[in-house]
Structures are given as C-alpha cells and as structure tokens.
C-alpha cells in the first residue's frame, strides 16, 4: 500500500477539532464533580478517600481495569507492535494470573482491619513504623515516576498533531489536576475512570474496524503482520539478557501486577470502598476478561496500523521523530479533514492522563497523611476537616512534583520502555515485604526493613550500571520505505535508529561483554521485580531468624488465614516465635502493650 500525502486540515476542520477537544475535556472533567459543584455539603475525609461505600460494582470494575492499563497503552502498545512485535503483548498472561492471587490471598488479610492506608497493615504486623514508612516511600516514589510517564504521554499526540509544546500540555494537565483534586475524591475519580474507559474503548474499536476495512479484512491484517515477523508469540528462550520473551513477560508482569494490585494504595483503596468481601471477589474475577479485552485493543490497533504502513514506515521515512508518534500520525494522515476526529482523539488521550493523574494524587496524598504526617506530634488528633484540608494541599504539591518528572521522561526511550522499567525496578521490595508479613510467621521488623533496604540498594546499583556502562540498542524489527511516494524526506531527515534482530543482546559500552558485571547489568529489566522480591524475602528470612526475640511477638491475626491455621498446628508455632492471639487469652510479652485499632486488638511494643 502506498504512503498517502499528509494533508493540512482546513480552517473549518481545525475549528471543529479544537471545539471537540475542549468540549470533551471539559464535560468529562465536570461530570464526576457536578454534585460537588452544586452542593454546599462539606465533604468528609471518609467520603474523599473511600467514596463512602456508594460505588457500583460495574463502575469499580471499569475503574480497576482503567487503572491497570492506563493511557500509556494507547500510544505505547501500537508502536511496540509496529517496531518490536507481539513479545510485550504476552505480559497479559502475568496480569491475568495476578488477579485471582490478589483476590484470594491479599484482600482477605486487609478487609477486616478497617485501615485507611494499606501500609498501616505493615505497622500492625511488624509493630514498626520504619517498615511502614519504607513501604509507603517505595509506593510514593514509584507512583511519582510512573505518573510522570503518564502525563507525558498525551503531550506526544498534542505535539505531533497540532504542535503544542510539551511544556504547555504538561502545565495544563497539572493545573486541571489540582482543581479536580480539590473538589473531587475517590467517588469522582472512579466516575472519571468510567467515562475514560468507555470513550477510550470506543475510540480504539473504531480505529480497529477502520484499519480492517482499509486493509481488506481481518485476515489480511493478520497475514501482513505474520509475514513481516510481528507475530512472535511463545518464545521460551532461557536467556535472561533478551529484552522480552514469553517467560520474562509472564513472570515479570506477574510480580509487577501482584505488587501493583495487591500492595499499592490506589488499588487497595478501591477494594476497601466496597461493602463486602464477596463483592470484591466478584468484581475482581469478572474483571479478568474485561482487562484482557481492554489490554488487547491497543495491540489490535497496532496490527491495523502496521497493515496500512508496512511498506512505508513513517519513522524511517522521517515523517515522525519518535516511535510513539505512530498513532497520532495515523490519525492526521487519514482523518485530518474529517471534522472533530483528531480533536476527540487528542481529548481522549489528554483526559486519560488527567483522570489517572487525579486518581493517583488522591492515593498519594492519603498515604502521605496516614503514614507520615499524622504520626508527627503537630498533626496528631486533628479534626476531620483539618485532615482533609492537609490531604488536598499535599495532593497539590504532588501534582507539581509529577509535572517536574514529566519534563524528564522525554529523555527516555519510549513510554512503554519507561513505564515497565519504573514498575519493575520498584516492585520487588514492596511485594517482598508483604510476602514476609503475610506468609512468614517468624519474620520481624528487623528482617523486613533490612530486606527492603538491601533489595532497593541492589536494584538501584543494577539500574545505574545499566544506564552508565551498557549501551542498550533499540531492538527494532526491520521496516520498509519501498512504498513511500510524494514529498517524504525519507532517511535524510529521519531520526537515526538501529534496526537489529528482535533477539539481539544488549551491547556493552564501558564493561566487557564477557565480564561478570556486564552480565548483571545487561539482565532484562523484566526480571527486576522478580529478583527484588526474592532478595527481600531471602534477606528478611535470614535476618529475622538471627534476631528474633520475645519483643517481636505479634497478633497472629495479621497472618494470612491459611498460614495462621498451619502455623498453629506446626511444631514451630505458638510460643516458639513469640506469637500470640489475644482472643484466645494468650499472655502478652512483658514489653508489649495492647491498643485497639478498628476493633482488632494488636500489640504495640514501641519498637523502631
């Protein structure tokens, strides 16, 4: 198929597109907070954080699915398919595996505790503010970095289509987020997620249908992708240095999703806003096929776009500067003269980043208050209205910090690469400490804290070594410009990139390829979460056994029910590791004192 001439839209068409963009963003932003704008009722902290338990199951399903995928997928996955094939698509296996594990393993532990911050559980289990703050800090760091990628994503489309500077788009998203955060809350965030999920799904389905019609049918789209070597499923190569294989995609995404869905505040906050454990399980399990469909849609879009451009790669021809611009370029190439189309497209992306930013700012501010500020002497025992005001102010500060991160994301190699690297590098310590808390009866705060610190240190060392001493070539599949016609600048003005085989290894710069350090630094980032989790648990196990004492006793109700049942019947249970159950009348250690948190009696020895 020949490359089409990229035509400039007419003045009338541009006017309609701008109106469509502004109208979509304004309406989708105001609908979730319309009641707040028309009501004089003072919002309580509970309503702001949890939505007061009035969120429907369908709305929660769409919100959870929306939070899992994010706007990054809309731009990132089509370009990933076009230039690297389907290898990253197989991360879906790990995501779908994680849902039932979170549903039946993590949620039962949290549900009856009545906690506001999921990291409060770690303090109850280990009787340690240090462990709680380490976990909260990990979540805050990861969310700030990932949101920087998220708000950067729509700026690519705005810059490609209408030439809006990156800084202007980022600033606009930040200002709207601050306004929405001040008036919204969890209920508004879920409503915004629902609107975004439906609009994004409709847009992607429309693009898939259009591409199939233009290419000659679904069979033709699949055949073109297969002939060009894009359908590279089921590669079980054992080499840890390959960028993505079926093994690393499933295993890496499983650990990332467990950390994300089971240990991250913004998701747990949604689960706990539902009234019963049964309702949570229904929502999570029914959500699995929905997530599979929503996750696959951007990949199908990538297949359709590739079928249209497989003989004239816009990047190689110099029509775009970055891989992630392939979808915006397609919209302008085929719909520039259709009134309102690119306006709705850019509006959907812009609003997607906006709603995800607002939702996570809500969770970031809540965690910061519950896990840090509320523990300070000057903030203790403050009124509900005062707490809510501080949470909103903290959310504003985070919005500004995310803006700063967004400016830095453009220096990295694509939004998918950036997003996966951030999630994988920070997943291990967080998931590992929750595994220690729920499944290791003899784990104490000393082992948990040291495990997290060691895991963070090793992960930072590997990531730093990768960036400083290993040159990571973009493993892009070959593309063609044989079908290009017209005034395309072809290779003369194009952004240079290296086309190598998908299975090619990462090449060294300053470290020899056969050295031990090179082999460590060049391990695929898909495994960072796996190694980080194993390291956290291993160090935590060893150090906990070496340092256990009677003051480390804890309420066994903090363990997973199945582990508690086995622990009570094992020769190592009971007083062997100083655990106790106050409901059975067990005697507490002399150094412990009892406090009541949400109708659950736990001990507080004041350690760490």
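Quick reminder: no glycine exception, Cβ is built from N, Cα and C everywhere.
No curator has checked TrEMBL annotations; they are predicted automatically.
TrEMBL lists 15-33, 54-77, 97-119, 131-152, 164-183, 240-263, 284-310, 342-369, 390-412, 418-440, 447-469, 525-548 with the feature transmembrane segment.
Away from its own ends, the transmembrane segment (97-119) comes close to residues 49, 132-133, 135-136, 139, 250, 253-254, 257-258, 261-265, 268-269, 271-272, 277, 280-281, 284-285, 287-288, 291, 366-367, 370-371, 434, 438, 558-561, 597-600 of its chain (Cβ-Cβ under 8 Å, at least six residues beyond either end). Among 131-152, 240-263, 525-548, 131-152 has the largest number of CB pairs under 8 A with the transmembrane segment (342-369). Within the chain carrying the transmembrane segment (525-548), a Cβ under 8 angstroms from the stretch's Cβ atoms is held by residues 240, 243-244, 248-249, 251-253, 255-256, 259, 420-421, 423-425, 427-429, 431-433, 435-436, 440, 442-444, 446-448, 450-452, 454-456, 458-459, 462-463, 466, 577-578, all 6 or more beyond its ends. Below 8 angstroms of C-beta separation, residues 1, 3, 61-62, 64-66, 68-69, 73-74, 76-82, 86, 89, 92, 95-96, 99-100, 102-103, 107, 197, 201, 204-205, 207-208, 210-212, 214-215, 220-222, 224-225, 228, 230, 271, 326-327, 330, 479-480 of the same chain, each at least six residues beyond the ends of the transmembrane segment (284-310), sit close to that stretch. Beyond its flanks by at least six residues, the transmembrane segment (447-469) meets 122, 126, 128, 130-131, 134-135, 138, 421, 425-426, 428-429, 432-433, 436-437, 508-511, 517-518, 520-523, 525, 528, 531-533, 535-545, 547, 608 of its own chain at Cβ-Cβ distances under 8 Å.
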